[in-house]
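Right, one structure below, let's go through it.
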Amino acid sequence: MHKPLRWLITIAFYVSNVILIGYSLSSNGSISEFYLHSVVLIECFSLLGVVTSDCLTPSLSYISSNIFHISDRVSGMTLLALGNALPDITSTYQSMKSGVTSLAIGELFGGIFFLLTVVIGLMGCVATIQFQHDKSIETYTEESFDQNLSYDRSNYILDVGIFTFMLLVSGTFLADGRLYFWECIVMVLTYCCCAVYLIKSYKYPCEINDALEREVEIKKTVLANNHITVPNRFTLTTTSDITSTDDGIRYVRPLGDTQIDEDNAISLDPTRLPSKSLDNISRFNQGIPERRDLIRRRIRGYLRSHYHGWVRMTLQDLLNIWEKQNLFNNTVKSLSLPSDDTHLFTKASLDEEGRPLIRKRMNSLQPKDFYKYLSLRNGENSNALDTAISAPQNEYQTYYNEPTSLFLTVPQKKTSKKSLSCDRIPNLVRSNNIILNDEATRTQESTNALNSISDVIDNSLLQYERDDIILDRTLSLCSTKSRTAWHSFQLYNYLTDVSLEIGFFEFLSLLVTTPVSIILYLSIPSEISQTDHDLPLSYLQNIQLIASPIILNQLITNNFSFWLLILSLVIAILLYFKTRTIPNKFNSDIIFTVAFLLSLACLSKAVHIIVVTLTHWINVFNISETILGLTIFTWGNSIGDLVSNITFVKIGVLEIAIGACFGSPLLYFLFGVGFDGIMIMLGDKTGKIVSGRDSNILMHHIDFKVDKNLINTGVGILIAFLIFTVLIPLNDWKIDKKISIALLTLYIVVTCISVFLEVHQV
């Protein structure tokens, strides 16, 4: 999509919505009211997803690991999982408190049904999921990627078994249309027992080093079993290697038999060396799948180190992956020999005779690094490598002073913070074992300091001076331009950077979430770096901390008091003295604690608006509570899980996606209904919601209507359960397109039946 068209669509989208919203506010028609409420619901659901993944979960992660010192494995299955499920739990509480318990129960049933059918069904459409023994984490070759993913069969059986137990417990308790106090206690205790068991049986790597080491070990096994040689090698040439013959034809010696200098670069005429040029380009083309595979493995390692348990992917990581989606396609573009027709070289990259001028690359292959790329095919190279490593720095810097020509090296560019280093690409002229061992070391050292998927990719790709130099859009869609520092304005990056290319759905998501992201960026304090903490507070962070009492009060009570101004003044004075005495100490603790409180308040406010809007629809349009919970409420709360899990599957991090589909229902239903029911029954002093107050507290109960829509969805969940327990084993223990079609068809049929029953009021 061209830049003017992007700007035109963006401006038209926002201007038209502003006009329609203004018209809806000034008119009283049902259509305008429906449109206005629809916009409010969409933005509130977007707010729930963004604030949960980008604000609440990171703050909970920091608090659990840095303040309470809880391990990632425990926090991932408890605090972080609860934080991720907080929108659903809050929705259930607000619905029960508003007297529309059927809306809450319908949303929970609909959410479970949506995850088990639509989400898993679409996951099976993206890739065939095979349940095999001891295949919990797998790495994939270019040929098989996006086609077959493996998941440990024992983990699948465990997930289905726990889900079955949850289904029996919840179905038994809710079948009579009453939720007793003692049933709520049993639900919460059941969830706690299941969480403890899952924590003890958790087998996936939680540390970045563990994840990357496992990826490398599996890759080594695949290479050894299939006798695959790493194709990502070049035969680099130098001027000292070029010898003349009587015929005037020059020949080239391999890099491993010569000395190297990258201080100067000269041009080679590819027409004079057609066989060598063709061989070099052929080697590069063969190396493209290997480099893509390395990047995907590093992204999977990043995700496994940052997402533990049932946690959604952040909006920023989703946007970064969408921008680099070309990395996950099997179609690999290849290079051809340069010619006048292909325009592979620009005029600036040609010498006086029109031959390609290959220039050195800065900030990547330094003189000392060339020793790492010497071929170890003979003893001379090994001795040279040992001698070079032991030589002083100044000796080998002086040693390389002769002009050098590197046929397929990278054009020179200015040093910048966004320069992408080739050091993260598999080494060019080494054997498989050396490549993999060094790759593991370098990958662990570099990835530990990375803040985002964009950093992972940027540190794994070649960076070129111009977009039309040799490899433009061959490896990825990574932009060569600098990005804005504010993640909230990623839409601006897409509008101004032509090299970025995302799909229509992703573009629409940017348009919808950008206003919400900007509001959250300005309201909730955050740290840009995930690795460097206790940095000096910025002006924006100081303002956010000072204004936090006022924002919290407005989100919770909507009542303004002058005492809030005094409290903000006190906070400003304390921050001033803190800056004078201990400027950086406890900064991260303060930021993440305030961010956690503000995130909770934002969630509560957004859920309240959603419940009020849906309750208004129930009264105006005469729609049952259950059908709204099964459809609108479910779709709004589950769209984040759908996008996140599909993205996990596309990358190959299957264990998080499967765990979220089977673990989230356990969390939403058992803990959500149980905990919310306990809180409602203990807090209802008037008896408007809770019945049976004359008897023992254990017999206090909340009544709700079990209508035909709820029964219909329950039957759909049972059929989905039969698909997972019967059809999948009969289908050779895999979820392919046949199973996916069955699941998606089941959801469509059940939803259509519910809508039919609602319309005809059977």
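Each residue, glycine too, has its Cβ placed from N, Cα and C.
Lifted from Swiss-Prot, the feature list:
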CARBOHYD  Asn28  N-linked glycosylation site
CARBOHYD  Asn148  N-linked glycosylation site
CARBOHYD  Asn280  N-linked glycosylation site
CARBOHYD  Asn329  N-linked glycosylation site
CARBOHYD  Asn645  N-linked glycosylation site
SIGNAL    1-26  signal peptide
TOPO_DOM  27-30  topological domain 'Extracellular'
TOPO_DOM  52-102  topological domain 'Cytoplasmic'
TOPO_DOM  124-156  topological domain 'Extracellular'
TOPO_DOM  200-501  topological domain 'Extracellular'
TOPO_DOM  523-554  topological domain 'Cytoplasmic'
TOPO_DOM  576-589  topological domain 'Extracellular'
TOPO_DOM  611-615  topological domain 'Cytoplasmic'
TOPO_DOM  637-650  topological domain 'Extracellular'
TOPO_DOM  672-709  topological domain 'Cytoplasmic'
TOPO_DOM  731-738  topological domain 'Extracellular'
TRANSMEM  31-51  transmembrane segment
TRANSMEM  103-123  transmembrane segment
TRANSMEM  157-177  transmembrane segment
TRANSMEM  179-199  transmembrane segment
TRANSMEM  502-522  transmembrane segment
TRANSMEM  555-575  transmembrane segment
TRANSMEM  590-610  transmembrane segment
TRANSMEM  616-636  transmembrane segment
TRANSMEM  651-671  transmembrane segment
TRANSMEM  710-730  transmembrane segment
TRANSMEM  739-759  transmembrane segment
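The topological domain 'Cytoplasmic' (52-102): residue composition by secondary structure is 43 helix, 0 strand, 8 coil, according to DSSP. Cα separation, Asn645 (N-linked glycosylation site) to Asn28 (N-linked glycosylation site), rounded: 41 Å. Between the transmembrane segment (103-123) and the transmembrane segment (710-730) there are at least 3 Cβ pairs closer than 8 Å, counting only pairs 6 or more residues apart in sequence, which means the two stretches are in contact.
Annotation: stretch 739-759 has the most Cβ pairs under 8 Å to the transmembrane segment (710-730), among 157-177, 651-671, 739-759. Between the transmembrane segment (157-177) and the transmembrane segment (651-671), the number of CB pairs under 8 angstroms, six or more residues apart, is three or more, so the stretches are in contact. Only residues 6 or more beyond the boundaries of the topological domain 'Extracellular' (576-589), in the same chain, are considered here, and those with a CB under 8 A from a CB of the stretch are 62, 66-67, 527, 533-537. Packing against the transmembrane segment (590-610) from elsewhere in the chain are residues 40-41, 44-45, 47-48, 51-52, 55-56, 58-60, 62-63, 67, 86-87, 90-91, 94, 520, 523-527, 537, 541, 544-545, 548, 551-552, 555-556, 633, 636: each is 6 or more residues past its ends and has a CB under 8 Å from a CB in it. Annotation: stretch 179-199 has the most Cβ pairs under 8 Å to the transmembrane segment (651-671), among 179-199, 502-522, 555-575, 739-759. Through the fold, the topological domain 'Cytoplasmic' (523-554) approaches residues 51, 54-55, 58, 62, 66, 306, 448-452, 485, 487, 560-561, 564-565, 567-568, 571-572, 575, 579, 583-588, 590-592, 594-595, 597-599, 601-602 of its own chain, all at least 6 residues removed from its boundaries and within a Cβ separation under 8 Å. Taking Cβ pairs closer than 8 Å, the topological domain 'Extracellular' (27-30) reaches residues 620 in its own chain, all 6 or more past its ends. Secondary structure of the topological domain 'Extracellular' (731-738) per DSSP (helix as H, G, I; strand as E, B; remaining residues coil): 2 helix, 2 strand, 4 coil.
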